[in-house]
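Here the structure comes first, spelled out in structure tokens, and everything after it is commentary.
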Amino acid sequence: MFLPVRTRLLFNNFYIKANVVGECSMGTYNWRHPQKLALAVAAAVQILGGQAMAEDQKETVELEDYILKESVEDTMGIMPSQPVKSVFGLGKSIAETPRSVSDVSSDLIENYGLRDINDLVRLAPGAYTSSFFGVPGALSLRGDAADNYFRGFKRVENPGNYATPIRAASSVDIVRGPVSPIYGAGKVGGYMNFNPKSSKSATSKFIEKPTGQFGVTVGSYDQYITTAEGGSPFELGGRQGGVYGFFEQEDSKSYFDNVEPKSTIGQIAFDMDLTDNLRTEFGGQYLKAKRIQNPGWNRVTQDLIDHDTYITGAPSKMSSRGDVLFPDDVRNNISPGVGFPPGSGNSKLDVFCLNYSNCFFDPKDPNAALSNPGTTKLDRNKVFTDKKDKGESKAATAYFDLIWSLDNDMELKNQFFYDSLDHNKYTSYGFTADYDAYTWEDKVSLSFPLQIGEVSTSNVVGVNYRYYSAIDRESYLDEILDRRDLNVGPTPDDSFDIGHTGNVEIAPGMYRRNFNTQSASITKNTGAFMLSDMNWQNWNLLLGYRFDYYDAKAKEKAQATNGDLVRDANGDGRPDKATNHNTTDSFSASLSYKTPWGFIPYFTYAESTALSSNQAGGVTASDVSSGNYLQDSKLREYGIKYNSENGNVYAALAYYDQEKTYRDSQNGSTVLVNGKGYEGELRWMLNQNFSMTASATKQKVREKGQPFTVLNTAAVAQAYGLDPSQLYGFRFFDPTGQVLGGEYDRGGVPEWVTSLYGNYTQPTPWGGRVNASLGFTWVDEQWADNQKQIKLPDYTVWNGSVGYSEKSWEALFTVNNLFNEKYFTSANLFDSTLVFPSAPRTYTASFVYKF
């Protein structure tokens, strides 16, 4: 049958309109050469049209206009094409989600050569993260600490215990701002949600046949990583299922002295249909890792930052025995009621200050000055580490879901989650920690659609119960960081004993180092939540509400050096215990409008609650007793998103204003934090060969309060007209926080951070593919500390990769810090006395065999 048909074809930005007479058929086209195809169609239009007019003058049948759009294959995995459920628990696309969210696929992690969570700043706005002693455990988002989630469940705390293994993820979702009410209490900064690799695709289809791959990665400074992963479909009792496993082992060294990361990760995921309307998803992850803390550089001065000039010199002789300092070496009068905490004695090295020019010390004290002071150009690999340092972690995660598909598109879920951490570390600068924590949670939710007139809604209601047990032992009373000369390395006069439990007096007047914190806590959280996603014409209203009941118990049984209890509020000679019950509610409201041109403006307001937790994720007895173990937060966010009609462009711009309160753990004061800023993100498939990603952040974080503050020693010396070497044997601190003046900018938060990456991909005639990526991250200058004593200069880091892949194998070569930029990162803790130097240019090469 021949019909004249009006067609309108779109290739890139050009239209071809014509009357076509011919036999109509539909098929699948590969638009690899749209310009050539356009010319061919144009020629066919003229030929066929001419033949038809010559044969007869039949009446033309005119059909509606339609558009054939060019399809561009996303071989790099840059486009956020799949629905993201980790924000509100709904299958909304990122463009339709009224929150600032970034999605990073496993393909993008691989093609960009991302090593750990710190590299996510290349893609996600607001994700610049200062150094937590050199261990990339958790992101900072919007200048504040963020949580780690696993398939939508909050994990055990990991601020800097082990490196979070992003290579085991099928995707990573980065959500900025407080969590949705459906997920319970979370930090105001936001969270990173880890989606493990599984046997199902993002469209919930099982893999069709067994698949797998083996890989090896080698790199600079003896980096060595091996991986294996694979999956297979299966049938059990006539029902379809699938399994997918992932294994990774690392045994590496690094640029920095004594830092030698070692880890083993095993992960497995099962997906299975049990009946026609019941399915299950279950699996887990186990990690065993060894990685010590890396505080970076001490004796920080502006001259060190600007000119690499490091002040050398040996500390005073204080060690009386062995190769470390003991409490009786650095403290006097260890007896009941003396020192802080009482029974610890009076420190010989800690100096109390009201401000920089008002400190209580004797400049002629023999322990104050360094001997043989001088200066040197310090090699950046020489950092504050010791061969005796250790950091060992074991983490186990498990999940089990049952999902019922009910009538009328309703779905009932029961989800169980378990996570645990056993971690111990020792760093000779004066810190020992043992963390033993686990959590389990069960959540029951019902999702259902509801039509009310012209308003269509998707709804989720449910309840959950979360149990969290944490034991936190820490020894941190003596952390006199400036005593060590990094050019020499550790000596007995700048290293401190490891922490011990029980009676630490080994002879009259002789002591081992005690744990000055031994906190044990249990928190139980029972919650109920609802979420409704309402659509009317082009408008969308998203409402969420949550009610929580908390039951918290905590105990502090640490003993001071002389054996007295660290905390004994009522003087009964027994460890302090506290119990508290509290109720809170959280809610969020978002309004958005979908324009005909692909733009979606939105506004979100949210109030939520987070636990004020210690390093193990537990709560302290003092916080439970006072009721300050819960933190309130608020968010106001305005944004606009854009998704092109053909799916080749995604863009987002957001402004946020968020605030929270927290209780300083060392002096008990309450601190208000306010963060404001702009975030922009762009992902663009320019054509079949070229694509790009870009992100930009402008932010500022202000604090109001009086937290415990450690002062910069060089600044104290300047206030007294002394050389820093005359005071580097001491530590200067203000326990009242008066030196900050009441309101101040948070240190380590650059005002501007931008990233731009360009990508190229090209298929080969023999079926292979070449991929390449090149780009940079620029970080604005920033104050390292909230006292504005040390300014870190701006810097630009370039990274690049080139790879080749075929059906059965692929290879990737990556260069980080391509132009060998020297820069510094602020320390998350002790930001006035520590700074983290950059690593130089490094190379990695990976090879993968696929089957």
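Including glycine, each Cβ sits where the backbone N, Cα and C put it.
Curation does not apply to TrEMBL; its annotations are automatic.
If you look up TrEMBL, you'll see 95-190 marked as domain 'TonB-dependent receptor plug'. Marked as region 'Disordered' by TrEMBL: 561-583. Feature annotation from TrEMBL assigns compositional bias 'Basic and acidic residues' to 565-579. The motif 'TonB C-terminal box' feature in TrEMBL is assigned to 834-851.
Sequence-distant contacts of the motif 'TonB C-terminal box' (834-851) (same chain, at least 6 residues past either end, Cβ-Cβ under 8 Å): 113, 115, 130-131, 134, 211-221, 223, 225, 227, 230, 254-256, 294-298, 300, 304-305, 380, 383-384, 481, 784, 790, 792, 795, 797, 807-827.
Across the domain 'TonB-dependent receptor plug' (95-190), the DSSP tally of helix, strand and coil residues reads 18 helix, 25 strand, 53 coil. Taken as a whole, the motif 'TonB C-terminal box' (834-851) shows an average pLDDT of 96 in this prediction.
Residue counts for the motif 'TonB C-terminal box' (834-851) under DSSP (helix as H, G, I; strand as E, B; rest coil) come to 0 helix, 12 strand, 6 coil.
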